[in-house]
Amino acid sequence: MSGQPPPPPPQQQQQQQQLSPPPPAALAPVSGVVLPAPPAVSAGSSPAGSPGGGAGGEGLGAAAAALLLHPPPPPPPATAAPPPPPPPPPPPASAAAPASGPPAPPGLAAGPGPAGGAPTPALVAGSSAAAPFPHGDSALNEQEKELQRRLKRLYPAVDEQETPLPRSWSPKDKFSYIGLSQNNLRVHYKGHGKTPKDAASVRATHPIPAACGIYYFEVKIVSKGRDGYMGIGLSAQGVNMNRLPGWDKHSYGYHGDDGHSFCSSGTGQPYGPTFTTGDVIGCCVNLINNTCFYTKNGHSLGIAFTDLPPNLYPTVGLQTPGEVVDANFGQHPFVFDIEDYMREWRTKIQAQIDRFPIGDREGEWQTMIQKMVSSYLVHHGYCATAEAFARSTDQTVLEELASIKNRQRIQKLVLAGRMGEAIETTQQLYPSLLERNPNLLFTLKVRQFIEMVNGTDSEVRCLGGRSPKSQDSYPVSPRPFSSPSMSPSHGMNIHNLASGKGSTAHFSGFESCSNGVISNKAHQSYCHSNKHQSSNLNVPELNSINMSRSQQVNNFTSNDVDMETDHYSNGVGETSSNGFLNGSSKHDHEMEDCDTEMEVDSSQLRRQLCGGSQAAIERMIHFGRELQAMSEQLRRDCGKNTANKKMLKDAFSLLAYSDPWNSPVGNQLDPIQREPVCSALNSAILETHNLPKQPPLALAMGQATQCLGLMARSGIGSCAFATVEDYLH
């Protein structure tokens, strides 16, 4: 019966759900980074990872953060706290809820309900508008996580921010005879079912992304109902939902009552067996060759449709009472082994790539590849390897060896968290670089503030005396726009940066691979001496953050900046005999001995704000005030910069938590976050030598990645099985 539909009736109005009114617009943030005055917080009142007095746990309301802009006022005289108000009297018995109604959840009061029913919960003044059960359904959360993992494994090339995957049926894109339940995964028929005009369908929430390459979903027949007139398939947006899938143009379906396939026509073609209650029907869309096949109970039924158009939605249709089906878009393992089918097509695509012809006229291709490799080694400062590779391939190194070593010195300082020394060394070797790039300088100094919080910057590591490659004395009052990490002779006034107005620090998706990926176990050296550092800083609000004992550190000598102890390609100290970059020296072993002595204490010092020193905290607060002033001056001279504003706000937010490392913004303290800063500085130095800020090899990788994204947007499904990472061995 479903194979002989009537002529398409006029489009009937589909059932639409009324959208709730939009929430009130959020308050626009004020210009600049403004920290509110801190409330009174007793020592030790904030648990680890909780805000140190900041409202809501995410802002900058902590007392420590406020000190960046407001010096601590003298403590007010102690006064006795007023007694708490007496509790309100219990309500009279007549105001109690009816005994027949369920009690309202905490935070809700019983309000007037429907006639004859129990009262409905109403929000009490001051209570949250969230769900009455604050913890939510943990089982549902776990199911959502499992769905996310399964979809990521099946469709790794899909960017769901750009092209979301279908996850359920759409309550807004269905005919009125369709009912949805169980998180919009179960479909049941609620019409009359007397004629084919009573057919009804529903589409999924999103179309199938081309980046899937191969997409698959399954439908289980819970009940075939009266006649089993059910259709499973695909349809484009706008296709009439008062029809079974397959009856109209750009609609495709496999029907259960007769086993026929319907390809944009009311006349079906014999295709497969019928299906009924208990059967599981799968639909696989191959976006590489634009075909579709079905499965029944895990067995393929062969190709059903060819030459499919792009942007099709999973669709299911019902026609008679009692019909109920459940969809599986990846919420559960599939009956059919779709992953084996995907592996088969991945092999085919990779074989096509391997067979692609490459013209090699007199070794031009090989020579080009060698130049790309050589420039990559030079860009990242692999001196000895670059020299050896150039000799073996009869090439010349474009950059002088001394220049490569200078860049390497600076990169090592940045990757070690010694930002103050990195800024100082950069200014000594490239005097005008940071003047022409004020936003880059700001980025470096924000990173220096983060390293101060982390206790790794030289300003807080060396408290026994003069900082290496740093200023002779730390300013007591804020000196606008001069770097606390630089000697006075190298101080930089922001007005001298006006010539670089509009310049920005250069970031790209490939700059983060400056020296590979840094592991979380980044090597950090600490030395100690017998000199005890103390401070008379009176900041009672920080008592819950700091440990009672002071950090004991030693002065680093000036040759620290020239050390070659660590190869930071992975953030872990490595030694080898590969020339200048990867070499070791006597100083290496001295630093290793120092680390051995501090093995027990260093782990504790790293978990304290500024290494646990009050003097270091005082320096950090002064530095933060100067950083805030520099941000305001940059905004006046160069205009608003949203990235700079967010960067500074995130850095200051670290002080709103008693344990910044385990806070929502604690990822900033991860050594891997030094990589993009290091890459931006390295690229800026290369530009001063008229060298490309990115190596050609990275640009080629970027172009290939962008091409794959363009293929996905153009509906070419083979991009799903041609990732750049497959060829990076």
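Cβ atoms here come from the backbone N, Cα and C positions, even for glycine.
Per Swiss-Prot, the feature region 'Disordered' maps to 1-137, 461-489. Summarising the annotation, Swiss-Prot assigns compositional bias 'Pro residues' to 1-11, 70-93. Taken from Swiss-Prot, the feature compositional bias 'Low complexity' covers 27-49, 107-126, 473-489. Residues or ranges marked as domain 'B30.2/SPRY' by Swiss-Prot on the basis of sequence analysis: 147-334. Taken from Swiss-Prot, the feature domain 'LisH' covers 365-397. According to Swiss-Prot, the region 'Interaction with CALB1' annotation covers 401-407, on the basis of a curator's inference. Taken from Swiss-Prot, the feature domain 'CTLH' applies to 403-460. Positions annotated as phosphoserine by Swiss-Prot: SER477, SER487. As annotated by Swiss-Prot, region 'Interaction with FMR1' applies to 615-729.
Sequence-remote contacts of a segment are chain residues at least 6 beyond its ends whose Cβ falls under 8 Å from one of its Cβ atoms, and for the region 'Interaction with CALB1' (401-407) they are 378, 381, 383, 386-387, 429, 580, 682, 685-686, 689.
Residue counts for the domain 'CTLH' (403-460) by DSSP state, with H, G and I taken as helix and E and B as strand, are 48 helix, 0 strand, 10 coil. DSSP assignment over the region 'Interaction with FMR1' (615-729) gives 91 helix, 1 strand, 23 coil.
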